[in-house]
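Straight from Swiss-Prot, the features:
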ACT_SITE  D265  active site, proton acceptor
ACT_SITE  K287  active site, proton donor
BINDING   E37, I38, E58, K59  NAD(+) binding site
BINDING   P242, G318, G319, D320, I323, S348, A349, M401, G430  S-adenosyl-L-methionine binding site
REGION    1-222  region 'Precorrin-2 dehydrogenase /sirohydrochlorin ferrochelatase'
REGION    233-473  region 'Uroporphyrinogen-III C-methyltransferase'
Amino acid sequence: MNTQPHHSSPDSPQDGGWFPISIRLSGARVLLVGGGEIAVNKGRLLLDHGARIDVLAEKLHPAVQGWVENGRVRHVGERADEAVLRRLLPGCRLVYAATDSRDTNRQVAALADELNIPVCAVDDPGPSSFITPAQVRRGMVRVAVSTGGAAPVLARRLREQIETLLPEGTGRLATYMQSRRAFVSGRYPNVQDRKRIWEDFLDGPGAEAARSGDESRADARLEVLLDGERKSGEVWLVGAGPGDPDLLTLKALHLMQNADSVLYDNLVSPALLDMVRRDAELVFVGKQRDRHALPQDEINREMVRRAQGGERVLRLKGGDPFIFGRGGEEIEALVEAGVAFRLVPGISAANGCAAYSGIPLTHRDCAQACLFVTGHAKADGVLDLPWDDMADRRQTVVIYMGISTLPQLAAGLLGKGLPADWPVAIVERGTQPRQRVFTGTLSTIAQQAAEAQVKSPALVIVGQVVRHRVVSP
């Protein structure tokens with residue numbers, strides 16, 4: 001068993017010149033100068049945060065007009081001249097200059113600044129005393145991203161990336177923790193004790209229960225921590241997908257970034273391991289066909305041992321754990337040991353390799369079914385496969401771990417009556433940068449694979465769908 005630390009390099013601090021704060025707007029007056037598309041975007045944000053908006057504009061966008069008509073916004077005037085602004089500005093918490101005129105926006109900003117009222121001239125940080133960052137919202141949780149007005153498009157792109165990383169239930173988790181703060185404080189008056197309890201709660205299964213809305217389970221986990229019992233561990237059996245890191249599920253990524261230790265094998269790419277929490281212990285268990293760094297029973301014991309010691313153990317598997325990944329055996333071992341676990345499916349090798357090679361697994365004209373089999377031979381070298389089912393011409397056969405037994409596989413299918421020119425494809429290192437695809441027939445594919453020195457991981461696809469392969473120009 002090989003273990004290695006997972007180090008991180010510190011980021012260099014950068015000063016954008018803007019201090020990020022949060023300001024309470026519920027019930028506060030905000031003057032919005034402008035009634036067009038720009039004003040609509042800012043108005044939606046302000047309304048979401050409970051502001052009382054006064055709009056100063058000659059023409060109103062239909063959305064703004066709708067807000068005025070239903071009483072959510074007041075239309076307080078049309079022209080943004082100095083006299084009107086001096087009458088409207090006092091008492092405002094914030095001012096947005098959101099007209100189509102840069103000169104008008106700067107005039108508004110100058111007057112607001114003179115009265116010491118925070119002002120934002122939209123898309124013009126020069127005269128602004130504050131700017132509105134791109135935001136990600138999960139209930140009461142807010143994440144703001146700002147480039148100091150230097151690159152708004154970049155800020156929005158970063159927001160989109162954060163959206164994918166932040167679990168949807170984060171707002172529920174925050175609400176749960178808020179509702180239990182007084183209870184925890186009553187049990188543990190010491191601030192440091194409370195901090196430790198909440199950190200342990202966030203690191204354990206209670207947080208996931210709260211995210212999913214299961215408050216009774218979350219309460220049970222919190223009570224364990226309040227009683228001072230040892231933090232219990234858990235095993236997360238996670239499918240890492242076929243290789244391309246972009247095919248990882250959000251759930252898988254969330255668990256990867258919260259694990260204490262990671263048990264992984266050959267089918268997990270280095271790019272995926274780079275996405276694991278930086279201080280997690282990486283444990284290579286090296287399962288690859290009949291070569292194992294650890295026997296399966298020992299892998300099972302290692303998962304149990306670590307979880308019983310309080311660790312959050314990530315069992316990271318290529319593809320999907322329940323498709324020729326021995327996930328069922330590992331779950332049975334966890335159940336027998338009484339270890340809590342979670343299952344996260346992954347995009348299977350069959351789905352990923354087929355899509356990236358342009359081969360449909362089903363097709364209305366020639367394949368109404370798809371059969372998954374393993375080409376792994378038994379200890380005596382015999383392939384124990386449903387040959388009659390595999391020879392059905394109305395389906396696609398996807399063969400996992402079939403490269404070493406490819407001559408036997410081809411001969412077996414020919415022996416069951418499939419023609420010599422029956423289409424076959426091999427997808428080597430599917431979905432990864434060095435992917436290779438070979439197409440041939442039952443009579444040629446074994447020789448092609450040998451000449452090209454095809455290595456695992458590779459998937460074999462048999463059927464007429466291979467002739468429907470499409471490649472993007």
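Glycine too: its Cβ is placed from the backbone N, Cα and C atoms.
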Cβ-centroid neighbourhood (8 Å) of the S-adenosyl-L-methionine site, P242, G318, G319, D320, I323, S348, A349, M401, G430 excluded: G241, L267, F324, G325, G346, I347, A350, G352, C353, Y400, P457, L459
Statement: Here the 10 Å Cβ neighbour count for A349 (S-adenosyl-L-methionine binding site) comes out at 29
Query: What is the one among the recorded positions E37, E58, D265 whose Cβ has the most other Cβ atoms less than or equal to 10 Å away?
result: D265
Message: So if I measure Cβ to Cβ from K59 (NAD(+) binding site) and keep only same-chain residues at least 6 apart in sequence, which ones fall under 8 Å?
response: G35, G36
Mapped DSSP class for K59 (NAD(+) binding site), helix or strand or coil: coil
Chain-internal residues near G430 (S-adenosyl-L-methionine binding site), provided their CB is under 8 angstroms and they sit 6+ positions away: P242, G243, A349, G352, C353, Y356, S357, P457, A458, L459
- line: Taking the centre of the Cβ atoms of E37, I38, E58, K59 as the NAD(+) site, the remaining residues of that chain with Cβ inside 8 Å are G34, G35, G36, A39, A57, L60, H61, V64, T99, D100
Query: Could you give the Cα-Cα distance between I323 (S-adenosyl-L-methionine binding site) and I38 (NAD(+) binding site), in whole Å?
result: 50
